[in-house]
Amino acid sequence: MAITRWFFSTNHKDIGTLYLVFGAWAGMVGTALSLLIRAELSQPGALLGDDQIYNVIVTAHAFVMIFFMVMPIMIGGFGNWLVPLMIGAPDMAFPRMNNMSFWLLPPSFLLLLASSGVEAGAGTGWTVYPPLAGNLAHAGASVDLTIFSLHLAGVSSILGAINFITTIINMKPPAISQYQTPLFVWAVLITAVLLLLSLPVLAAGITMLLTDRNLNTTFFDPAGGGDPILYQHLFWFFGHPEVYILILPGFGMISHIVAYYAGKKEPFGYMGMVWAMMAIGLLGFIVWAHHMFTVGMDVDTRAYFTSATMIIAIPTGVKVFSWLATLHGGSIKWETPMLWALGFIFLFTVGGLTGIVLANSSLDVVLHDTYYVVAHFHYVLSMGAVFAIMGAFVHWFPLFSGYTLHSTWTKIHFGVMFVGVNLTFFPQHFLGLAGMPRRYSDYPDAYTLWNTVSSIGSLISLSAVIMFLFILWEAFAAKREVESVELTTTNVEWRCGCPPPYHTFEEPAFVQAQT
């Protein structure tokens, strides 16, 4: 029974649970890798060995956190669980394809881990730039295995995207227009469109890299008329939409959490929120070369990419101020998800401001590949995406399980995590401004102080992760069942009960259009 239920599942709730468990497991692997990085950098001098093994760890940390933690949890976990409930659909549009989307991930993860275990590992960074990723600098199967891993993860995401787009457009009640669906549904829809348009470009780029390595083509080799810069354009045309894919579902979840715990029936400026997400999705495709300011582009090209990048701050600002406006005049309940949401708004804004700094091409030439960039994207990911995931998990855990988490423990956990991530990443701004480069396992001892502080912060974050596991165990051990849920009229996912039955909406939801 268990085998057929979990291996052959076509139920969106079960598949969502599989995604959440897989993502949590991968998140712990990614956390372990990050602690190896911070251990190496905690003092000058070598700890683990040479820069190759260090860069293999950095590369694996990035891939694990992006493709096996954030995306499976946000899109696969929360998306699968909540989207059908929020639009009144009995399941996803293609339930068996949904199952395949999940089961492509463990083999993909296995290939990624295998790439670290053969030869010298793939020490290329998550960008996998040639010629470093070519068959001279990386002889052996490591990079090839990484490419195959990315192929599988990419196919998984493309299939998932097709599924979500079809479900959201096609399976809501006829009386409901797209502009009456919850913001999280919009966020997943826009994310799915971004995935569908960007991943094939990555697939093309890494497939050409694969043939350059194995079939003697020269797509990225100047000796045969190729150009390594072409790879960078292909990669970043995927890579920049990807970072918006990582944060957009978080935007949707934060909108729900802020409205719920402010006691509001809807977020402030619903239409503005939707259009802002659409604008971010569109603009995300036309700014990719801001990752390449140092490759020698024309000044007019640099001017365009600087300006276009800064424009993204406008719809992002619309969202931030709409969240603050949602809080205004509400009866605010200071429960843990609200703490995560407020932390998200503040820290994501800090990360966004350093992003505005880096958008200036002249400044970026100086700051490129320093720890300033690392600090920037970890503020929007480690404190944006992760805070959104944590807030959403604490908020919707009673829906998924029927049990409540211990509110005091979750608040302590938030406090520890907040201190840990800020202590880890805030000093990295100082290191970057002082010129410490990324992707090196050692540094001059002038940089010792802030690296040590950063590494201490990472240990505090680790203790928060361990505390979270305890909180999860405590909830299932104590079995405090959900008594009642407030505001279900405007939060439709709660209306079928906690937890909802295995099959919901077996007959279509009836919606009376308001005249």
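Positions of Cβ are set from backbone N, Cα and C atoms, glycine also.
As recorded in Swiss-Prot, the features of this protein are as follows:
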TOPO_DOM  1-11  topological domain 'Mitochondrial matrix'
TRANSMEM  12-40  transmembrane segment
BINDING   Glu40, Gly45, Ser441  Na(+) binding site
TOPO_DOM  41-50  topological domain 'Mitochondrial intermembrane'
TRANSMEM  51-86  transmembrane segment
BINDING   His61, His378  Fe(II)-heme a binding site
TOPO_DOM  87-94  topological domain 'Mitochondrial matrix'
TRANSMEM  95-117  transmembrane segment
TOPO_DOM  118-140  topological domain 'Mitochondrial intermembrane'
TRANSMEM  141-170  transmembrane segment
TOPO_DOM  171-182  topological domain 'Mitochondrial matrix'
TRANSMEM  183-212  transmembrane segment
TOPO_DOM  213-227  topological domain 'Mitochondrial intermembrane'
TRANSMEM  228-261  transmembrane segment
BINDING   His240, His290, His291  Cu cation binding site
BINDING   Tyr244  O2 binding site
TOPO_DOM  262-269  topological domain 'Mitochondrial matrix'
TRANSMEM  270-286  transmembrane segment
TOPO_DOM  287-298  topological domain 'Mitochondrial intermembrane'
TRANSMEM  299-327  transmembrane segment
TOPO_DOM  328-335  topological domain 'Mitochondrial matrix'
TRANSMEM  336-357  transmembrane segment
TOPO_DOM  358-370  topological domain 'Mitochondrial intermembrane'
BINDING   His368, Asp369  Mg(2+) binding site
TRANSMEM  371-400  transmembrane segment
BINDING   His376  heme a3 binding site
TOPO_DOM  401-406  topological domain 'Mitochondrial matrix'
TRANSMEM  407-433  transmembrane segment
TOPO_DOM  434-446  topological domain 'Mitochondrial intermembrane'
TRANSMEM  447-478  transmembrane segment
TOPO_DOM  479-515  topological domain 'Mitochondrial matrix'
Of the binding-site residues listed as Gly45, His368, His376, the one whose CA lies nearest the CA of His61 (Fe(II)-heme a binding site):
His376
Remaining residues near the recorded Na(+) site, that is with C-beta within 8 Å of the centroid of the site residues Glu40, Gly45, Ser441:
Leu41, Gln43, Pro44, Ala46, Leu47, Leu48, Tyr54, Asp442
Looking only at the recorded stretches 95-117, 270-286, 371-400, 447-478, which one has the largest tally of CB-CB distances under 8 Å to the transmembrane segment (299-327)?
270-286
Which same-chain residues, if any, lie at least 6 apart from His240 (Cu cation binding site) yet have Cβ under 8 Å of it:
Gly284, Phe285, Val287, Trp288, His290, His291
Going through 12-40, 95-117, 141-170, 228-261, 407-433 one by one, which has the most CB pairs that fall under 8 Å from the transmembrane segment (51-86)?
12-40
At a Cβ cut-off of 8 Å, and with pairs 6 or more apart in sequence only, do we get at least 3 pairs between the transmembrane segment (336-357) and the transmembrane segment (228-261), yes or no?
yes
Measuring Cα to Cα, how far is the residue listed as 'O2 binding site' from His378 (Fe(II)-heme a binding site) in Å?
14
The topological domain 'Mitochondrial matrix' (87-94): DSSP-derived helix, strand, coil residue counts:
1 helix, 0 strand, 7 coil
Measuring Cα to Cα, how many angstrom lie between His376 (heme a3 binding site) and His368 (Mg(2+) binding site)?
11
Other same-chain residues whose Cβ falls within 8 Å of the Cβ centroid of His240, His290, His291, the recorded Cu cation site, in sequence order:
Trp236, Gly239, Val287, Trp288, Ala289, Met292, Phe305, Thr309
